[in-house]
């Protein structure tokens with residue numbers, strides 16, 4: 001009970017501090033520049049720390065370490081994809097920052113004559129990707145908090161059972177994220193991210209040091225005892241336990257599994273530069289050069305963090321053990337909190353374990369809150385600026401109107417996400433993160449890259465590319481084994497969203513990226529040639545001068 | 001300047017994407033090779049994975065230096 005009270009107290013402390021920041025940010029947030037881009041007053045390093053915070057979701061903190069703890073090396077493959085992806089962001093960030101003002105839509109319309117359809121497509125894509133990602137985070141929050149408070153094992157907390165606790169958590173997280181965004185805008189969101197990144201890095205460093213300390217700072221020894229404890233021996237340290245499995249005697253399944261893995265890897269590496277909350281943050285700095293600095297800071301932090309997930313994952317496998325992890329949560333999400341308790345106990349007895357567990361729990365909670373706020377901010381910015389300001393008001397809204405709409409939009413998007421997350425609260429939603437990455441890679445990345453680098457590209461191409469990529473990834477997932485037709489060969493239970501017996505899957509891969517990313521690019525190219533509008537070369541030249549030099553950008 | 005940036009972008013993209021895809025391909029299709037032991041519990045897969053981290057950091061630093069030395073002055077002139 002002391003541990004739970006401590007966890008809960010730390011949750012509350014984080015909430016109070018961030019609300020205080022929000023109130024202060026509210027006082028200095030006036031125009032659109034303040035609300036959408038924090039007044040562009042953040043320095044490169046500050047924004048980079050926040051960018052890393054936007055990116056390192058609970059899925060990467062708890063999820064990746066959990067996969068490593070259960071499946072060994074394959075979790076590390078995730079970390080690598082998530083990190084390498086930043087190089088594409090590094091190349092694009094300056095151009096995007098210079099070419100745009102607040103949103104991806106700003107970048108895409110810079111060179112076309114008819115803005116409305118492009119703006120609309122950008123808003124649709126931003127909101128769709130954000131909502132899928134939001135859902136994953138919020139459902140995860142519900143499951144996680146009830147785990148951390150011990151409610152899932154039939155215990156009660158403040159008189160709540162497990163189902164109620166999940167719903168209450170989702171609603172509370174949702175309400176807080178709406179508060180941060182609607183009142184504090186980009187300023188509050190950025191400070192929440194900076195604090196969260198600090199807590200997350202501190203937590204990871206302390207845990208990593210304690211774990212390595214248990215093995216006399218011999219990483220090889222840790223790997224060895226993780227492999228021994230896993231019961232899988234050497235195979236635990238090699239690729240292939242989870243992704244791209246070989247199916248003996250079934251060449252077709254083996255190939256499908258491998259293609260599925262490559263598909264996932266591709267979406268991870270190409271999706272990052274198109275994630276709405278990542279793109280939105282490119283604009284919170286004064287110029288392109290500061291934007292470049294931000295991304296390089298993010299690369300450093302994310303890289304160091306993912307290196308530490310190795311120690312956390314393998315450490316949990318060695319010190320907590322597979323059966324104890326699976327007993328708490330079959331997908332491994334609690335491996336890190338359990339590890340915290342184990343190493344804490346080793347250092348400081350029962351109290352030490354409780355304190356460290358409470359701290360890691362609070363870090364995970366802060367992480368979820370911060371990431372969902374970033375997503376809500378990105379989608380409400382796009383709705384207000386792209387859709388309301390430029391499409392409905394034909395580009396002539398008063399700034400105060402636009403900001404008011406943005407606050408209202410954050411309320412709308414946030415409420416939608418809360419309702420959907422409560423409905424979906426018991427689903428396993430890990431695939432939603434992969435889907436959001438695939439959508440970003442198939443819809444947003446082709447549009448951004450071709451806008452910046454292809455002279456002939458035009459409005460019809462942008463629109464076709466965005467909708468084509470979005471629809472392709474959605475349709476492929478609906479007809480994939482994720483949704484129907486995947487059955488556990490041993491137990492006969494359904495591994496899909498639909499119960500066993502329902503099977504309308506036509507597409508063999510669980511990750512759509514391998515097919516949907518080429519479709520996104522192909523639609524963009526086909527749309528360009530089909531569109532009657534001739535590319536405006538002068539505008540393109542104007543765009544590239546602005547993008548490369550920053551001349552004329554705000 | 002456009003040419004210079006494009007050349008840099010192509011080099012960096014080809015470098016990281018190619019190397020990453022080679023790595024992913026090895027992880028999917030060359031399990032035997034990846035399982036070879038290098039020293040103690042460290043195998044080829046682990047070493048290559050860590051090298052992905054190293055190469056990402058190296059490419060980042062390289063691009064930053066290139067941008068500072070070769071792109072920024074040009075951008076300043078053009079402004």
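Using the three backbone atoms N, Cα and C, a Cβ is placed for every residue, glycine included.
What TrEMBL lists as transmembrane segment is A:6-27 (among others).
According to TrEMBL, the feature transmembrane segment maps to A:48-70 (among others). Same-chain residues lying 6 or more positions outside the transmembrane segment (A:48-70) and placing a CB less than 8 Å from one of its CB atoms are 42, 76, 78-79, 82, 136-137, 140-141, 144, 189-190, 192-194, 196-198, 200, 204, 242, 272, 275, 277-278, 281, 284, 293-298, 300-302, 305-306, 309-310, 312-314, 316-317, 320, 322, 325-326, 329, 331-337, 339, 363-364, 367-368, 370-371, 374, 430, 433.
The transmembrane segment annotation in TrEMBL covers A:121-151 (among others).
What TrEMBL records for A:157-182 (among others) is transmembrane segment.
Among the features that TrEMBL reports, transmembrane segment is placed at A:194-217 (among others).
Marked as transmembrane segment by TrEMBL: A:261-283 (among others). Note on the transmembrane segment (A:261-283): residues 36-37, 40, 47, 50-51, 54-55, 77-78, 81-82, 84-86, 88-89, 92-93, 96-97, 100-104, 126, 129-130, 133, 186, 190, 243-244, 291, 294, 371, 374-375, 377-379, 381-382, 434, 436-441, 443-445, 448, 509-515, 517 of its chain, located 6 or more positions outside it, place their CB under 8 angstroms from a CB of the stretch.
Counting only same-chain residues 6+ beyond the ends of the transmembrane segment (A:295-320), those with a CB under 8 A from a CB of the stretch are 44-45, 47-49, 51-52, 55-56, 60-61, 64-70, 72, 75-76, 79-80, 82-83, 86-87, 89-90, 93, 197, 200-201, 204-205, 207-208, 211-212, 214-215, 219, 222-223, 225-226, 228-230, 236, 335-336, 338-339, 342-343. According to TrEMBL, the transmembrane segment annotation covers A:295-320 (among others).
What TrEMBL records for A:355-383 (among others) is transmembrane segment. Panel annotation: around the transmembrane segment (A:355-383), residues 3, 6-7, 9-11, 13-15, 18, 35-36, 53-54, 56-58, 61-62, 102-105, 122-123, 126-127, 130-131, 133-134, 137-138, 140-141, 144-145, 148, 173-174, 176-178, 180-181, 185-186, 188-189, 192-193, 195-196, 199-200, 203, 206-207, 276-277, 279-281, 336-337, 340-341, 343-344, 348, 405-407, 409-410, 412-414, 417 of the same chain, lying at least six beyond its termini, place a Cβ under 8 Å from a Cβ of the stretch.
Here TrEMBL flags A:404-424 (among others) as transmembrane segment.
The transmembrane segment annotation in TrEMBL covers A:430-454 (among others). Tertiary neighbourhood of the transmembrane segment (A:430-454): same-chain residues 57, 59, 63, 88, 92, 95-96, 99, 104, 107-108, 110-111, 121-122, 125-126, 128-129, 132-133, 135-136, 264, 266-268, 270-276, 279, 331, 461-462, 465-470, 472-474, 477, 482, 510-513, 516-517, 519-521, 523-525, 528, 543-544, 547, selected by CB-CB distance under 8 Å and a gap of 6+ residues from either end.
Look at TrEMBL and you will find A:461-483 (among others) tagged as transmembrane segment.
Per TrEMBL, transmembrane segment is recorded for A:513-531 (among others). If you look at the transmembrane segment (A:513-531), the same-chain residues 6 or more away from its ends with a CB under 8 A from one of its CBs are 259, 262-264, 266-267, 270-271, 437-439, 441-443, 445-447, 450, 454, 456-469, 472-473, 476, 507.
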Intrachain neighbours beyond the transmembrane segment (A:157-182), with Cβ under 8 angstroms and 6 or more residues off its ends:
4, 8, 15, 18-19, 22, 138-139, 141-143, 145-146, 149-151, 188-189, 192, 368-369, 372-373, 376-377, 380, 407, 410-411, 414-415, 417-418, 421-422, 425-426
Stretch in A:6-27, A:121-151, A:194-217, A:404-424 most in contact with the transmembrane segment (A:461-483), if contact is a CB pair under 8 A:
A:121-151
Against the transmembrane segment (A:121-151), which of these stretches has the most C-beta pairs under 8 Å: A:6-27, A:194-217, A:404-424?
A:404-424
